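If you look up Swiss-Prot, you'll see E209 marked as active site, proton donor, on the strength of sequence analysis. Annotation comment: Swiss-Prot describes K359 as active site, proton acceptor. Positions annotated as (2R)-2-phosphoglycerate binding site by Swiss-Prot: Q167, K359, R388, S389, K410. The Mg(2+) binding site feature in Swiss-Prot is assigned to D250, E307, D334; the stated evidence is sequence analysis.
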Amino acid sequence: MSKITKVFAREILDSRGNPTIQVDVYTLAGGFGSAIVPSGASTGSREALELRDTNTKYADNWYGQKGVMTAVDNVNNIIAPEIIGLCCKNQRLIDQKMIELDGTPNKEKLGANAILGVSLAVAKAAANELRMPLFRYLGGTNPTLMPVPMLNVINGGEHASNTLDFQEFMIMPLGFRTFKEALQAANKVFHNLAKLLKKSGFETQVGDEGGFAPNFNSHEQALDFLVDAIKESGFNPGFKGENAVAIAIDAAASEFYNGQKYVFKKLKAASLSKNQADLDEKFEFSSEELLNYYGQLLAKYPIISIEDGFAESDWQGFIAFNQKYGNNHQIVGDDLTVTNVEILKKAINLKAINSILIKLNQIGTLSETLDAIHLAQKSGMTAVISHRSGESEDTTIADLAVAVSSGQIKTGSLSRTDRIAKYNRLLVIEEYLNSYAKADYIGREVFYNLKK
């Protein structure tokens, strides 16, 4: 048994300049693991609680009382004494002990950020002690599937101060032989998009996730630019065949739902400020009207995937969406399911989605995350491994995507080091796999539950 000998947490900064927690774990046999916890901007109401220093003795340390020293103290003073001496390879036991120590449904006592930091650092320490890559430790020797990247090249919603209500407009390079070739294709599209934006007089500043954040007149205008950038790069806007590059959307509809209607608040405000009537013809939608709007977009553009097309409380909207379009398009639940097994079971029973987004900090432990992934895959769903808008140089999700053969990873655009770090890690993993056997990149086939 390889015992944990030391656990130490500290407060550092994430990609938005906000405090987050980093945890180091040491083992008796010389293993070491360190993990940095991400943070989201648009969050589901049922997510595990990220503990901040509001109304504590640390409240005034950082802007907006966003410090995490309370979570740091919880690791160093409460969690550490309980897990020191345990075997670092017994991940589930350690995760369960932390869940029991917390004792709340959403980890609000110790903080999901405190618990997750320890959970991930333990796994990394075990892998390090065994002198193997994290993806091998988590997945064994079988996984060889490299994920198709979902690159958020146009940001909107809560991730950017622009006019777009949809949060992410992504490209998915499908028609390529390797992950590296796919990334090279995405690189060309990204830079050609910048060129086209500049040529049309748009700014090319980037949002939280490294994508451009122009003030477009409509969501359709954003999609038109994506199609043009794909063509300008010499690729095929579509799902199938050589050089195919598809589009994916994260609508994050909970952010523009007022409890009764879906309102494109940002586009509407832009229209009013410009006194223009020729922008999006409609800014307010019932659930049924929004479904029809998505149908128009799916008919016009090569969109393969839509995430959070409806608000997290609008189960009927999701069910209707999946029933109508789920045979040919990936219908992803994020805020709807928050990487929670019990909520995922409901979504499966209701046939509300055919894919789940996986975010480690939504649930708060590695074990629970793996449970959600395995349940989704067992039920015929795809599982998309995802970053958060507040990220760091931590590359855990890259290893996780390969370990579980998810086939898809969503980790931002091709700018900002916090996003690039994950892509660089995947390039290294692909090289590692090719040195032993052959890394697989199967493009369109990752959508194994869609009609061919």
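Even glycines carry a Cβ here, placed using N, Cα and C.
Checking the binding-site residues (D250, D334, R388) against the residue listed as 'active site, proton donor' with a 10 Å Cα-Cα cut-off leaves R388.
Within 10 Å of the C-beta of E307 (Mg(2+) binding site) we count 29 further C-beta atoms, all protein chains included. R388 ((2R)-2-phosphoglycerate binding site) sits 14 Å from E307 (Mg(2+) binding site), taking the Cα positions as reference. In terms of Cα distance, the recorded positions that sit within 10 Å of Q167 ((2R)-2-phosphoglycerate binding site) are D250, chosen from D250, D334, K359. With D250 (Mg(2+) binding site) as the anchor, the candidate recorded positions are K359, S389, K410, and the one with the nearest CA is K410. In sequence order, Q167, E168, I249, A251, A252, I306, D308, V332, G333, D335, L357, S386, K410 are the same-chain residues whose CB sits within 8 A of the CB centroid of D250, E307, D334, the residues recorded for Mg(2+) being left out.
In space, K410 is the closest of the recorded positions K359, S389, K410 to E307 (Mg(2+) binding site), judged by Cα positions. For Q167 ((2R)-2-phosphoglycerate binding site), the Cβ neighbour count at a 10 Å cut-off comes to 29, with all displayed protein chains included.
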